[in-house]
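Residues annotated as active site in TrEMBL: T13, T85. The active site, O-isoaspartyl threonine intermediate feature in TrEMBL is assigned to T13. If you look up TrEMBL, you'll see S54, T85, D86 marked as substrate binding site. Residues or ranges marked as domain 'L-asparaginase N-terminal' by TrEMBL: 4-176. According to TrEMBL, the feature domain 'Asparaginase/glutaminase C-terminal' maps to 208-318.
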Amino acid sequence: MNKKIFVLYTGGTIGMKHSPQGLTPDTALVHQALQPFSDGLEFDWHVCNPLIDSSAVTLADQQNWLDLIGRNIACYDGFLILHGTDTLAYTANLFALACRNLDKPIVLTGSQWPYTADNSDAPLNLATAVAALQLGVPQVTIAFNGKLYPAVGSSKVSTQTAAGFDNPHFGVLAELSPEGRLSAAPTPQTNGGFHILTINPQAKIFAYPLIPGFSAAHLAHILNHTPTQALILQSYGHGNAPADSAVIEALGNFIRQGGRVLNISQVPQGCAAAVYAQGNALRHAGVITGGKCNLETATALLTLAVSNDWDNHTICQILQQLGLVEAV
């Protein structure tokens, strides 16, 4: 019996074709691209109208896609999301955190080059995604360049090569064999019935990367005079920031007024932890230590925290459940 797969085509390079005006979308092209993989799988299509450039994806778009999944979860054996690569990891991380007790695969893929381009990576990425759907690992994953990555912790790491994504901390779940199969991947444990957490499309999350010479006054202005509800502090190394009382005061005031601050490392394979005195000062001010959390996961986590009114304790619990920080 064929597996029924819901295909959501949001947009992206994978379905583009060359024209005198440059690259333009061709919805018929992606239908044709999946035809070679129809053996054992039955694809039902939903095409976004209009198609969305991934650099223009909004929280409202992501909520609409989650609503589609929620309405169709009982009718399908898996979901394939065709997505532009620029924000694919952001969407994948948000889906992974929002879809609770998932018991079916949700696989995201795209391509660096159009399907019809010479030496395009699109056929391999589609083959990897289809193999993941056949394998049926019940979690949100990214299929790219013959590898299957867990969504949590994944990032786009290249615009120049076919190896567009990586997951520095959690690595690869499975790799495509020469026969077009994926090796068995670990199956996450579920606890309870499937449900999807709500996203507030108006959630205001701000990411602030520290650089030498940054101004504490500028940071305070952002926190006090913009509608920021949560801040991702992208700090140095092990989660370090300057030992500046003005920085600690600005963050502490924001937190006391109900804001949430998550401290993550700028280093791709970094881990924010209170190793040095600067990190401890942030923690004492109420800043949450993000451990191995990357920017995409942090964005998803704080979006859901703001949308669902999570306190710091709940955020810390989820970081532990995801394996991003050690249980205390």
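Placement of Cβ uses the backbone N, Cα and C atoms for every residue, glycine included.
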Check: In the same chain, which residues outside the set S54, T85, D86 have their CB within 8 A of the centroid of the CB atoms that define the substrate site?
Finding: G12, T13, D53, S55, H83, G84, T87, L88, G110, K156
Notebook entry, point to check: What mean pLDDT score does the domain 'L-asparaginase N-terminal' (4-176) have in the model?
Noted result: 94
Item checked: recorded positions (T13, S54, T85), the one with most neighbouring Cβ atoms at 10 Å -> T85
Notebook entry, point to check: Using DSSP, how many residues in the domain 'Asparaginase/glutaminase C-terminal' (208-318) fall into helix, strand and coil?
Noted result: 51 helix, 20 strand, 40 coil
Margin query: Helix, strand or coil for D86 (substrate binding site)? Use DSSP.
Written below: coil
Next item on the list: Give the distance between the Cα atoms of S54 (substrate binding site) and T85 (active site), rounded to the nearest whole Å.
Entry: 7
Check: If you skip the near sequence neighbours and keep only those at least six away, which residues in the chain come within under 8 angstroms of D86 (substrate binding site), Cβ to Cβ?
Finding: S54, S55, K156
Margin query: Give me the CA-CA distance between T85 (active site) and T13 (active site), in Å, as a whole number.
Written below: 8
Notebook entry, point to check: For substrate, with binders S54, T85, D86, what's the maximum Cα separation in whole Å?
Noted result: 7
Notebook entry, point to check: Any idea what DSSP makes of S54 (substrate binding site), helix, strand or coil?
Noted result: helix
